[in-house]
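**Student:** Pasting the relevant annotations from TrEMBL:
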type	residues	note
DOMAIN	5-207	domain 'YjeF N-terminal'
BINDING	54-58, 121-127, D150, A246, G301, H355, D422	(6S)-NADPHX binding site
BINDING	N55, D117, T153	K(+) binding site
DOMAIN	211-482	domain 'YjeF C-terminal'
BINDING	K392, G393, C394, G395, S396, G421	AMP binding site
Amino acid sequence: MKPLYAQSQLRAMEQAHAHDGLMEKAGAAAARLASSLLLTVSGARILVLAGPGNNGGDALVAARYLRQQGYQVDVVFTGTYASLPPDARAAYEAWLADGGEIASGLPQGREWQLIVDGLFGIGLTRELDALHRDLVQQVNAMGVPVLSLDIPTGICMHTGRVLGAAVCAAHTLTFLGLKPGLYTQDGPDHAGQVYLDNLGLNAAPPAAGFLVDVPPALPARRRLNSHKGSHGSVGVIGGAEHMVGAVLLAGRAALRAGAGRVYCGLLAGSAPALDQGQAELMLRDAASVPQFATVMVAGPGMGQSDTAVSLLHSLLELSQLLILDADALNLLAAHPELQAILHQRKPGTLAITPHPGEAATLLHITTAEVQADRVASALRMAREFGAIVVLKGCGSVVALPDGRWFINHSGNPGMASAGMGDTLCGIIAALAAQEMSLEEAVLLAVYLHGAAADSLVAKGVGPVGMTASEVASEARALLNQWRYR
Ligand SMILES: NC(=O)C1=CN([C@@H]2O[C@H](COP(=O)(O)OP(=O)(O)OC[C@H]3O[C@@H](n4cnc5c(N)ncnc54)[C@H](OP(=O)(O)O)[C@@H]3O)[C@@H](O)[C@H]2O)[C@@H](O)CC1
Ligand SMILES: Nc1ncnc2c1ncn2[C@@H]1O[C@H](COP(=O)(O)OP(=O)(O)O)[C@@H](O)[C@H]1O
Ligand SMILES: [K+]
């Protein structure tokens with residue numbers, strides 16, 4: 001896992017090292033990366049975009065080093081000299097003293113092999129103005145690889161939101177520490193490959209959150225002398241009329257993630273007595289399932305009938321670990337009396353896994369408002385519902401009631417297909433059933449689910465047409481590989 005920082009923490013790091021030549025180091029690192037990206041292009045011409053603040057200063061330093069290395073460098077500066085912060089002003093002067101020139105608009109009739117984006121970094125506080133929006137759109141239309149400095153211009157460092165328009169970079173060299181906005185919402189689509197340079201600062205402050213980019217804690221190795229009862233029993237309740245598959249997908253995923261026994265309780269009147277494709281699943285009357293299970297999932301395809309409400313009500317009052325998804329979340333949003341029970345539960349025993357639409361329903365706001373700050377939305381749900389929260393989507397956010405949060409780095413758009421969420425909650429339940437804490441199970445399941453999808457894409461199974469069932473099987477392969485090889 002890697003630390004993620006808030007703007008205030010990065011500012012504090014900058015201030016504590018104000019006399020350590022950080023901008024010079026940042027610009028030099030940018031020039032090194034730029035020239036390594038250009039290795040195959042001799043005599044390349046580079047466009048450097050320098051904005052009105054210190055991000056522009058980084059770009060001007062990079063421009064100077066690149067020019068000294070023999071590249072042809074065109075600098076476009078969008079600020080005003082008089083308003084530059086001191087370090088950036090020094091970089092501006094050094095560029096001119098070195099013989100560099102400054103333009104205020106894009107030079108016409110030139111072709112560049114690389115563009116260095118130093119318009120805005122972590123100081124972008126509002127939507128881009130018309131001038132910068134225009135420039136960003138022109139840059140994106142050129143089809144030239146872009147190296148963004150610190151964060152692609154136009155991406156909010158905290159939320160990954162596009163502020164009016166944003167540079168689509170092939171590479172982002174980020175300084176001092178990783179920013180959450182690089183990893184969730186629109187950040188990943190704009191940042192390309194991310195590189196970190198800590199500018200020689202080895203002592204970093206405590207992180208605000210964490211990027212989950214390696215498998216977190218795994219379940220213990222199995223004792224030789226174990227039996228099915230040693231690996232927990234998962235129960236899944238849902239599957240109203242026409243939605244039976246949701247429960248079966250969750251149940252099958254739980255089996256593949258190692259649950260000793262899996263029980264499925266289907267609400268549909270015409271429910272099958274057997275899963276023809278997975279005879280290991282035990283299909284029972286929904287109300288009876290909790291008595292067999294150590295970990296319960298409720299919600300996949302559950303519908304919003306009175307039966308569903310009363311089943312959920314009784315489940316919430318039981319002491320088992322509980323994962324709520326899909327319709328269970330819609331029911332929770334619609335029934336304040338159900339929410340009241342949540343806070344009587346033992347801490348750490350409830351997880352909820354909303355996608356942004358379900359999160360909006362739970363928080364009584366719009367989906368756009370949820371997405372505007374995914375970490376804040378997830379933390380709010382964690383607090384209000386006393387639950388471990390997975391806010392799903394590109395860069396799933398895991399938030400805990402005590403304020404800790406994580407952004408998941410695995411996964412891909414092949415997962416945007418029906419049934420993926422059902423598979424995720426089955427995996428969470430199975431891991432929790434194998435004696436992991438619910439928090440550990442959630443973190444591992446979210447990473448594993450995305451890593452399985454990534455592994456399938458690497459094999460050519462997706463992103464187009466990848467199915468949730470295939471993800472569950474691939475998750476089994478990875479879990480075995482991580483734990484037993
Ligand atoms: N200081 C250090 O030690 C180090 C700093 N480093 C580098 O500095 C970067 C942070 O620099 P920064 O704080 O100067 O912010 P930056 O992103 O350049 O933009 C601020 C400028 O933009 C302006 N502005 C904002 N929004 C705007 C808008 N929508 N449209 C138009 N203007 C807008 C804003 O003006 P104002 O809000 O005052 O009107 C201000 O002039 C950081 O990302 C890293 O690259 C590294 O070198 C490491 C050492
Ligand atoms: N673009 C994406 N990048 C990464 N993960 C994604 C992406 N789209 C969807 N996912 C993941 O796929 C799953 C989809 O869940 P959900 O929307 O509940 O699907 P369903 O309700 O159809 O089962 C979530 O775990 C989500 O994080
Ligand atoms: K930038």
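Quick reminder: no glycine exception, Cβ is built from N, Cα and C everywhere.
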**Student:** According to DSSP, which of helix, strand or coil covers D117 (K(+) binding site)?
**Tutor:** strand
**Student:** From the binding-site residues listed here (N55, D117, H355), select those whose CB sits under 6 A from an atom of ligand 3.
**Tutor:** N55, D117
**Student:** Return the maximum Cα to Cα distance in Å (whole number) over the record's AMP-binding residues: K392, G393, C394, G395, S396, G421.
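**Tutor:** Answer in Å: the longest Cα-Cα distance is 14.
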**Student:** For I122 ((6S)-NADPHX binding site), which of the listed binding-site residues (T153, K392, S396, G421) have their CA atom within 10 A of its CA?
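**Tutor:** The binding-site residues passing the 10 Å Cα test are T153.
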**Student:** Taking the Cβ of H355 ((6S)-NADPHX binding site) as centre, how many other Cβ atoms lie within 10 Å?
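**Tutor:** Around H355 ((6S)-NADPHX binding site), other Cβ atoms within 10 Å: 20.
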**Student:** Could you measure between S396 (AMP binding site) and D150 ((6S)-NADPHX binding site) for me? Cα positions, answer in whole angstrom.
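**Tutor:** Cα of S396 (AMP binding site) to Cα of D150 ((6S)-NADPHX binding site) measures 22 Å after rounding.
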**Student:** Relative to the Cβ of G395 (AMP binding site), which residues of the same chain, six or more apart in sequence, are found under 8 Å away?
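**Tutor:** In sequence order, G160, Y183, T184, Q185, G187, P188, R374, I407, N408, H409 meet the Cβ cut-off.
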**Student:** Measuring Cα to Cα, how far is D117 (K(+) binding site) from D150 ((6S)-NADPHX binding site) in Å?
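**Tutor:** D117 (K(+) binding site) to D150 ((6S)-NADPHX binding site), Cα-Cα distance: 9 Å.
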**Student:** Which of these binding-site residues has the least crowded Cβ, counting other Cβ atoms within 10 Å: N54, N55, T125, T153, S396?
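**Tutor:** T125, out of the binding-site residues N54, N55, T125, T153, S396, has the fewest neighbouring Cβ atoms within 10 Å.
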**Student:** Per residue, counting other C-beta atoms within 10 angstroms of the C-beta, which of the binding-site residues D117, D150 reaches the highest number?
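**Tutor:** Sorting the candidates by Cβ neighbours within 10 Å, the top entry is D117.
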**Student:** By the DSSP assignment reduced to helix, strand and coil, which category contains G421 (AMP binding site)?
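**Tutor:** DSSP call for G421 (AMP binding site): helix.
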**Student:** As a check: which entries in N54, T153, H355, G395, S396, G421, the binding-site residues, place their Cβ less than 6 Å from an atom of ligand 1?
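**Tutor:** Correct list: N54.
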**Student:** Closest of the binding-site residues to N54 ((6S)-NADPHX binding site), Cα to Cα, picking from T153, C394, G421?
**Tutor:** T153
